[in-house]
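Q: Summarising the annotation, TrEMBL assigns L-histidine binding site to Asp137, Leu138, Thr139, Arg164, Gln180, Asp184, Arg333, Tyr337, Tyr338. Taken from TrEMBL, the feature domain 'Aminoacyl-transfer RNA synthetases class-II family profile' applies to 68-423.
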Amino acid sequence: MPQLGLLRGRAWTVLLGQLRRPPGSVCIRAVRSHSQGQKYLQVAEALFASQLKPHQEKSNFIIKTPKGTRDLSPQQMVVREKILDVIVSCFKRHGAKGLDTPAFELKEMLTEKYGEDSGLIYDLKDQGGELLSLRYDLTVPFARYLAMNKVKKMKRYHVGKVWRRESPTKVQGRYREFYQCDFDIAGQFDPMIPDAECLKIMCEILSGLQLGDFLIKVNDRRILDGIFAVCGVPESKFHAICSSVDKLDKISWKDVRHEMVVKKGLAPEVADQIGDYVQCHGGISLVEQMFQDPRLSQNKQVLEGLGDLKLLFEYLTLFGVAEKVSFDLSLARGLDYYTGVIYEAVLLQTPVHAKEEPLNVGSVAAGGRYDGLVGMFDPRGHKVPCVGLSIGVERIFSILEQRMKTFGEKIRTTETQVFVATPQKNFLQERLKLIAELWDAGIKAELMYKNNPKLLPQLHYCENMGIPLVVITGEQELKEGVITLRSVASREEVAIKRENLVAEIQKRLSES
């Protein structure tokens, strides 16, 4: 065995190397048999372990996004931005102001606002004396904003991310992190005028996105509560039974009835009476029919709800969208804060194009009236009536993304209008001066980040990226005081006087 004193020097590396041998090897046994050697061995083992652990951890590390989230490629970002542009343009067309709120709120601000869905809220670790949660939607933060700033009237839109701790289904466009696009009208106004505008906005957006045929289901929470009351549901179970009814778009009435009776303790005969009502749907004629129901016509809440729906259909007819709306008693909207009219837009299963396969993504937009939510934040309970809608961007994106794949659509990931190129060496300074002039004129331009690029790769880049124009400068152009302007599509080239270049480019771009 080597002298143990050597371990203080260069032999450390030797011992560390020996530790990589099997535990029963001769060298390891020899060191362990010596009392002083055992001490050195313990130190060396600890050092070796500290070297090995990061390596082991790195080898087991999987690079991925968290469950229920995803990255968006440049191509996907182009599609999303187009969707958001259609939505936000519509909101602005109807006079909405932009608003933003923090991504997280005080936990107490979000609790008891979402009913059974409260369990899906992401709570954050205490980082400084405040219990915080990621926002579940954009509606409750808006109500908090109104109460905190004592705002009584506001028409606002908000585009932002929200987080829900649910089981994600990427095929149906369901994620744990996703965008919402909200439009809300806060304030005391005459009945159903703001509500009708919200439904009109839904129609404009869904038509503008060219998603195919759609239907907006409409109901009223007062009608649902009235039905529960006349059927014999205890008031303490209203929210629980409403949550069960809300599942009728996903599971059968038989399964919903089983949940009501077995899991929520509702009497079977009461559940059967509810079933007679909640499976009805139609238009204004169903509203009139409900007015004639001998049991419902005795309930004040039902009459108020039916009166508002009758007025709503009148306004929707004037807006020219009544044929897109159906009175559907199965619509419940499980969130606790809704107090009146509720609505939800679904795509009908007929694809826009023959090659497309139907994609079941559920509702693509939803909303309703929530007159009591602001009062829950106000110390004195002052209410601000509100009505609004939310567009399901991720689900809409899933449909358009599938359409892109089906038809192999090519998408430009940049908006570059002009590429600055040269066929010769030592023209970087001239190219930089030229592109600065284009940028200053508001023209979207690029160049290759090389001192002496070859011309062919520059032209190939323009063709691949869909850049329409190329400006070429070289010795001949510099001598004659001109710039060669090339059309990428036609490959036609013309010489333009240097001082007229910007005007010529702007002219061509305005004509394209």
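Note that Cβ sites are derived from N, Cα and C of the backbone, with glycine treated the same way.
In TrEMBL, annotation is done automatically, which means it is predicted and not curated.
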Q: Could you say which of the binding-site residues Thr139, Gln180 has its Cβ with the most other Cβ atoms inside 10 Å?
A: Thr139
Q: Which chain-mates of Arg333 (L-histidine binding site) that are at least 6 residues away have a CB under 8 A from its CB, listed by sequence?
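A: Long-range Cβ contacts: Asn219, Arg221, Asp246, Ile342, Glu344, Ala366, Gly368.
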Q: How far apart, in Å, are the two Cα atoms that lie farthest from each other among Asp137, Leu138, Thr139, Arg164, Gln180, Asp184, Arg333, Tyr337, Tyr338, the residues recorded as binding L-histidine?
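A: In whole numbers, the farthest two Cα atoms are 21 Å apart.
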Q: Please give the average pLDDT for the domain 'Aminoacyl-transfer RNA synthetases class-II family profile' (68-423) in this predicted model.
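A: A mean pLDDT of 90 is what the model gives the domain 'Aminoacyl-transfer RNA synthetases class-II family profile' (68-423).
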Q: Other than its own, how many Cβ atoms are within 10 Å of the Cβ belonging to Tyr338 (L-histidine binding site)?
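A: Step by step: centre on the Cβ of Tyr338 (L-histidine binding site), count other Cβ atoms within 10 Å, giving 26.
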Q: Including all protein chains shown, what's the count of other C-beta atoms within 10 A of the C-beta of Asp137 (L-histidine binding site)?
A: 20
